[in-house]
Every structure is written in structure tokens, then in C-alpha cells.
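Engineer: The active site feature in TrEMBL is assigned to Arg313. Per TrEMBL, Zn(2+) binding site is recorded for Gln129, His131, Glu156, His294. Positions annotated as domain 'Phosphomannose isomerase type I catalytic' by TrEMBL: 14-170. For 203-274, the entry in TrEMBL reads domain 'Phosphomannose isomerase type I helical insertion'.
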Amino acid sequence: MESNGSASRRRVRKLRCSVMNYDWGRIGTESGVARLFSLNSRVDIEGGKPYAEFWMGTHESGPSFVVEKSENNGVVVGEEEEITAGGLSLKSWIAKNPSVLGDKVVEKWGANLPFLFKVLSVAKALSIQAHPNKELAGTLHKLRPDVFKDDNHKPEMVLALTDFEALCGFISLEELKTVVRNVPEVAEVVGNLYANQVLDVNNQDGEEKVKAVLQLIFTQLMSASKDVIAKALSKLKSRLRMASQVRQLTDKEHLVLQLEKQYPADIGVLAAFFFNYVKLNPGEALYLGANELHAYLRGECIECMATSDNVVRAGLTPKDRDVHILCSMLTYKQGFPEILQGVPLNPYTRRYLPPFDEFEVDRCILPQGASSVFPAAPSASIFVVMEGEGTMRTSSYEGLIREGDVLFAPADTDVKVTTSSDLHICRAGVNSRFFEAS
């Protein structure tokens, strides 16, 4: 029979979570992040302030804190007053109770939650960036711990909540040749020598040769001086304004003009021609491995990743840039990214499984009067209520849940959710394929 102490450790816990007010976030009440944070923390939304990211997890840059409830015969019930447990962070609580993560999780990652769960509200483009693999992350953390806060890699996945746009990975070789031929400003910045190398290379030359040429021209572009870029973008704007009088501009051309308004004279505007322009519908997801280039552009999304905050930037940002590191670390993989539609688990829930051990995401949308079960998983889970309200039940917890609530469920916990209205809830946990392979 389980002791009271053990049962207490293994019950569901509510969390108070952190917000990031990066300047690319949506402003005030227009931000879904602002709404979630306000409801979660009971803090009023500030009208003129950007609310960019809502963090749920153990990373020290944006920690979550455990909330305590009183108990009734060992079962947590009702709407008792919630008290943050002496400022106890989720990270510290897990360190004291590592069994809540699950045995195989502790065996691989120690007493550390291996994933970080977020909601993003994007009003304007994030920086052109990539996240280092474990080896590079360790090196960068040792050399510059003030910038690279940890030594972990950061594969990630975004799941669109609204229409969502991003730049992800490099376009194909044929598309790149079209850019070199039809965007004279690119050839002007990199020079004819590099432009001609792109035009002369073919896929038959082999993947490594193509990657080498792509790296050369991209590095040359990203290394151009501010004056050269400013002149090229001025010409680009004039040319596209004239072109719009006689033809319909392409989606990428429209995007480049929008980016130039957000980040005038920024190299990232011209670099956007090199990347895939991805538009996700709500419920679609894409994943990004380490050393893969991307920039999120607009919309709201769920994001999940390995527990890290390491970013190497090189454009579309006023922040410090590491052009040399970025250009040397990229995979230079070409082609359109895989779009995940999710695997249906039941009529209301889809699971999104990226090719990374650290995480998976479930999205559950319950109509009025419906219920759904999240079967016991061998890892801990974090749930966030995106919209609506309902009831969550486990063997040791029963309580009303509503928009803004974030809950931590220990490993091996069956969770049943019911709703008398509509309910949208998302879950993150360790990738179930990790346990199948173990």
C-alpha cells in the first residue's frame, strides 16, 4: 500500500509559470500569452506591453513554481485557496522527488525534466537563428556562459494554434538558382564569383558539393557590410514597387517588404530569399533539429523543445549576432520541412511525435459534454488549458480546470478530463517512442 507521503508526491500539482516580454510579442490583450499568464498568475495585463512567450518547465531563465492545495481524505478537491509552496520551483521540487519523472527518464536525464513547454504570440519576425547541438552547446557555454546559459541542445517543435508563418531551412538548389537569376540584389551583394558557383553546380555533383556551395554563398551574404546591405535593400524596395505596378508580387516578395519595414537595412531581409516560407494551419506542426536555421514570423503556437535557451542569431534582430558561428554550424539541409498533422489517439486528441527523445505534444479539443482520457505515461506530463473549463480527475486529484491553468502530472498517472462547455487542453511529455525503443 502506498504511504501518504508517497501518494502526496505522486498527485497532480498546479503550476505558476513565467512570461517573457520580448519586443516581437503581441501587445497587451491581443496576445494569447498575455491572457494565459494573467489567468495563471492572477496579474493584470499591461496594455502597451508585449507578451511573447509563456514558459512551463524548469529552465532557470523562466522557472515554474509549485502551487499547493489542501487535501480532503488524501484527495485534492474543490476550489480551496491556492498557495505557492514557499516559492518552491518545479526544478527544486523534482530534485527532491525525482521518481515523479519516471524511472527510465531519470536513468537517461537524471533528476531533470527533459523538455520545456511554451506558448508563443508572435507579432513580428523573430531573429534568423539556429540552436547548437550538444557538443557545440557545451563549448559555447564554457566560453560565453553569459550568452549561452546552458550546455544542452535544443531541438524543437511548433504546433500552430492560429494561422502561423515561419522561415525554415534552405530552399532547394533549383529554387536557389532562380533566386540568383531573378533577385539581382543578391548577386550584387555576394559578387558574380559566388553567384556563378550556384548557377554552375548541379545535384549530380553530389550532396556535399552542393552544401559547400550553399555555405559559401550564404556566408558571403551574411558577412556583407551594413552599407552594402542598406544600398541593396533600397534598390530591392524600388524594384519591387515598380514591379507591383505591372504584375502580382510573389508571396516571398510581399514577405521581404514586410520584413524590411520591421527591420530596416537588416541582412535578414535579403537572406529570407534563401529560406522556405512555411504557412501552417491551426493543428499543423513542424519540427527543427539542432543546427537548422529558422525564423518565426507571425501567429500563435505551442512550442516544445529540449530544456535549453541557447540561440545563435544572425539577422532580423537588434540583439548581438554571431554570424561566423551560425554560418559554420548549420546543416545546410535543403528542401521543404515535413509538416506533421498529428496522429489521432481518440476522436478529440491528436499526438505530435517529432524524431527527438525529449518530447511529444498532445492536443485535445473537447466539445460540450465530452470526456477524454490521457492514459498513464511512463514520464511526467505538463498540461496547459488553452480555452474553456472542465474537470480533471486522477486517483489522487479532482479539481476544476480552466483557461490559464498549468498542471504537472507525475509519471504513471491516468488523467481523465471532462467538460460541460468546450475545452482545449494541450499536454507535453517525453516522446513515447523513447520508451518503445528502450
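Glycine residues also receive a Cβ, built from the backbone N, Cα and C atoms like all the rest.
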Engineer: Hey, what's the Cβ neighbour count for Arg313 (active site) at 10 Å?
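Structural biologist: So the Cβ neighbour count for Arg313 (active site) comes to 20.
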Engineer: If you compare CA-to-CA distances from Arg313 (active site) to each of the binding-site residues Gln129, His131, His294, which comes out shortest?
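Structural biologist: Smallest Cα separation from Arg313 (active site) among Gln129, His131, His294: Gln129.
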Engineer: Taking the Cβ of Glu156 (Zn(2+) binding site) as the reference point, list residues of the same chain whose Cβ is under 8 angstroms away and which are at least six residues distant in sequence.
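Structural biologist: His131, Tyr287, Leu288, Glu303, Cys304, Met305, Ala306 - these are the non-local Cβ neighbours of Glu156 (Zn(2+) binding site), listed in sequence order.
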Engineer: Does anything in the same chain, at least 6 positions from His294 (Zn(2+) binding site), have a Cβ under 8 Å from its Cβ, and if so what?
Structural biologist: Ile128, Gln129, Ala130, Ala166, Leu167, Cys168, Gly169, Phe275, Leu288
Engineer: Once the chains shown are all counted, how many other Cβ atoms turn up within 10 Å of the Cβ of Gln129 (Zn(2+) binding site)?
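Structural biologist: Neighbour count, Cβ to Cβ under the 10 Å cut-off: 23.
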Engineer: Given the Zn(2+) site residues Gln129, His131, Glu156, His294, which other residues of that chain have a Cβ within 8 Å of the mean position of their Cβ atoms, reported in sequence order?
Structural biologist: Ala130, Lys154, Leu288, Glu292, Leu293, Val311
Engineer: How many neighbouring Cβ atoms, not counting its own, are there within 10 Å of the Cβ of His131 (Zn(2+) binding site)?
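Structural biologist: Step by step: centre on the Cβ of His131 (Zn(2+) binding site), count other Cβ atoms within 10 Å, giving 26.
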Engineer: Where DSSP helix means H, G or I and strand means E or B, what are the helix, strand and coil counts for the domain 'Phosphomannose isomerase type I helical insertion' (203-274)?
Structural biologist: 57 helix, 0 strand, 15 coil
Engineer: Please compute the mean pLDDT of the model over the domain 'Phosphomannose isomerase type I catalytic' (14-170).
Structural biologist: 87
